[in-house]
Number of protein chains: 2
Amino acid sequence: MYKLIKQENNARRGEFQTVHGTVQTPAFMNVATAAAIKGGVSAYDLKDIKCQVMLSNTYHLHLRPGDEVVHKMGGIRKFTGWDGPVLTDSGGFQVFSLAKLRNIKEEGVTFASHIDGHKIFMGPEESMRIQSNLGSTIAMAFDECMENPAEYNYAKNSCARTTRWLYRCKAEMDRLNALESTINPNQMLFGINQGSTYRDLRIEHMKQIAELDLDGYAIGGLAVGESTEEMYEIIEAVEPHMPKNKIRYLMGVGTPGNILEAVHRGVDLFDCVMPSRNARHGHAFTNEGCRNLLNAKYTLDDQPIDPECDCPVCRKHSRAYIHHLFKAGEMLAMRLTVLHNLYFYNNLMERIRKALDEGCFEAFYNTYSEKINKRI
Amino acid sequence: MYKLIKQENNARRGEFQTVHGTVQTPAFMNVATAAAIKGGVSAYDLKDIKCQVMLSNTYHLHLRPGDEVVHKMGGIRKFTGWDGPVLTDSGGFQVFSLAKLRNIKEEGVTFASHIDGHKIFMGPEESMRIQSNLGSTIAMAFDECMENPAEYNYAKNSCARTTRWLYRCKAEMDRLNALESTINPNQMLFGINQGSTYRDLRIEHMKQIAELDLDGYAIGGLAVGESTEEMYEIIEAVEPHMPKNKIRYLMGVGTPGNILEAVHRGVDLFDCVMPSRNARHGHAFTNEGCRNLLNAKYTLDDQPIDPECDCPVCRKHSRAYIHHLFKAGEMLAMRLTVLHNLYFYNNLMERIRKALDEGCFEAFYNTYSEKINKRI
C-alpha cells in the first residue's frame, strides 16, 4: 500500500494507497476531532485547502454522538461529507490526557467521561469495534501513551502491555473486517511505537511490532513533555528499525519546523491540533514566521496574512479585517485563520514533496527550517 | 432609482438601482452587524446564498474598529469583500436599545458605549459622517426609535425632533457627498417614519418626510413591543402616504410570515437578525415550518434540514450531522444553520418576486402565510 518513490538521505517521497484514495507523502492530516474541524470548517472546506487525509478522534466520537450513531449514518465519511481517506486514533491518547479517574488493567482502561463523568471501559477490542463502527480508512492500535518523563520500569512494562494489546487489536480487526455489517472491510491498522524517552525500549518495541507486518507504523508518546532534541533523538533511534516499505506516522507533531526535521529523519505522515488551535487564538503561520493577528499593528494593515500565500483567505481578506474580527469576537475570525493555517501546513507538505521530487529537499530544509518558526 | 415593474393589489415587484448594483425587490438584507455575519459567515459566502444587500451597523462599527479605520481601509465594501450594495443603519436604534445612560437633546444623544462605558455623542451630523466614512450605498437618517407603547405627547415631540434631525441629515449628507475624500459620493439617504402606534402621528410624520424627496423611505419603530396586528395596522395606515416611486423599507422585521404580510401591504425591503440569531440557537426555517435541530429526534435523521431546499447546506449535510455539531458545541453547527436560514429568507424573497412576476402573489400569499410560521 505504501510505495517509496524517491529518497533524499533519510527523507522519503512516497504514495500511500487506500480504498478511499491515494495519499501523496509526506502529508499532514487535518484534525476534525468531533467530526468537525474546530473553527467552523467543514469537510467540504478541506477540499479547498489541499487536505488529503482527515483525522477524527475515537474517544470523542464514542462519547458523542456515539459510534453506533455514526455507524448507522453510514460511517464518518458519509456523516461529515469527507470523501477522502480518514484516520481515526485509538482513543488511547485521550483516555490518558482527557479522561478522569482512569484505572489501567491488562484487559484495558476504565475511565470517567470528561463530559458527564460516566464510567467507560475501553480495551483493544473496544477501540477496534468503535473504529470499525466509524468506518475510517485507517484505525490506530490501542496503546498506552505515557507522559514524559516516565519511570524506566513503568515504561518497560507499559510497552510490553502495548505489544500484547496490539496483537489483540489485530485479531479483533481481522474479525471485524470479515463481518457483513462492517462499513469498511478494508480498514487498515497502524501499530504505535512507545517506550518514552528510552532508546533501548523504543528500539526493542519497534522491532516487536514490526513483526506483525501491519499497514503502517506510528511513533507515539512524543511531544508529551520531553524536549525537542530528545524527540529528534528518539526518531533517529527508532527510524532504522521501522520497515522501509511501510508508511511512518509521527503522532501529534508539531510546528512547521518539527515537521521539516521529522521528514528529514524519515517520517511520512503527521497530525497536530496546533494549526487550528493557534489560529483560534489569532496566531497565523506565514512563510516569514508566526504572526499574532491580535497585535494592534495590524489595525490598518491591508495586506493578506501572508502575501506569498494562495489560500482562499489570503486571496480575499486583509490582516486589518481579520484583526478587527478577532477584536469584535466574531467567529469568522477563527474560521478564516484556521483555514489559512491548515492551508499553510498542507501547502508546506506540498512544497516538501516538490523539493523531494526535484531532489532539492536538503536545500529546502536548510533554508526554511530556521525561518519557519520565527515570531514576527 | 426605484422602478415599479408590476403591482398586484398592494404588493410591488420592483428594481432598485444603486451605484453598487441593482436590487430586485422585494428583497431581504442580510445583517453583518460588525462587518461580519454572526456564525462565521463571510461576505463571499453571501454570494452563495442569494444575498443582494448586506446591512451593517453604524453604532457597532463606530465603536469597533472605528469608522475612521474602515474609511482608511477603503470603506465597508472593500473591508469585508462584499461588492454589492450595503445599507448602514443610522446608529439610532442601537443607541436606544444597547447603549447605557443616554441623554437626548435637540443636538443629539450622549450615551455610554456598551463595550467599555466611554461617553459618546451622536447627532444627525455625526451619524452621517460615520456612514460616509463607512462608504455604504445607502445611509439611514438618524432618528429616535421609541419603545412601544410610548406616551402620546412624548411620541409627538419625538417625531417632530426626528423630522428636524432628518433635515440636518440631508444637509450634512449633501455636504459630505461633495467632499473629495468621500468614498461613495453617490451615497443615498433614506428617511425613517416614526410615531409609535399612533396612526395620526405616523401619517403626519410620513407626509412631512415625503416632502424631502429622499432616495427611499423606511418605517421604523415597529416590532419593538407592539402586537403583530398593531404593526400591520400601522403599515396599512402609513403606506398610502409613502411615495409610490420610492423604495419602502420595513426595519427589523421579521418572521417569514411577517415579511409576506408586509409585502402584501406594499413593502419592498426588509432586514432582521432573526434568521441568523435563531440559527445560532439551532432553529432552522423550512418550507414546512421551524425546526429545532437540537431535538433528539434528529439524532439519526439523514435528511437535509429542508428536503425542498437547494442551499449549499441542504445539498451536503444531514440533520443528524448538524444535530451532533450543536450537541458537541462545534462552531460549524452555527455556520451551517446560519447559511441555511439566510438562504431560506433570500430564497423566499425570490419566490415572492417570481409569484409577482407571474401575477400569482395572492395565491402564494394565501398558501404560505400560515404554513410558514409553524413549529415542527
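Glycine is treated like the rest: Cβ placed from N, Cα and C.
Just so you know, TrEMBL annotations never went through curation; they're auto-generated.
When TrEMBL records A:Asp89, A:Ser90, A:Gly91, A:Gly92, A:Phe93, A:Asp143, A:Gln194 as binding substrate, the matching candidate from A:Gly40, A:Gly117, A:Gly221, A:Gly225 it lists for that site is A:Gly221. Within the listed segments A:77-83, A:238-244, A:252-258, TrEMBL records region 'RNA binding' for the stretch A:252-258. Cross-referencing A:His283, A:His324, A:His340 against the Zn(2+) binding annotation in TrEMBL, which names A:Cys309, A:Cys311, A:Cys314, picks out A:His340. Nearest in space to A:Gln194 (substrate binding site), taking C-alpha to C-alpha distance over the recorded positions A:Asp89, A:Asp271, A:Cys314, is A:Asp89. In sequence order, A:Ala279, A:Ala284, A:Phe285, A:Ile305, A:Asp306, A:Cys309, A:Cys311, A:Val313, A:Cys314 constitute the residues six or more apart from A:His340 (Zn(2+) binding site) in its chain with CB-CB distances below 8 Å.
On the 0 to 100 pLDDT scale, the region 'RNA binding' (A:252-258) averages 95 in this prediction. A:Gly221 (substrate binding site) falls within neither a helix nor a strand when secondary structure is assigned with DSSP, and so counts as coil.
A strand conformation is recorded for A:Asp271 (active site, nucleophile) in the three-state DSSP classification. Take the CB of A:Cys314 (Zn(2+) binding site) and look out to 10 A: across all protein chains shown you find 23 other CB atoms.
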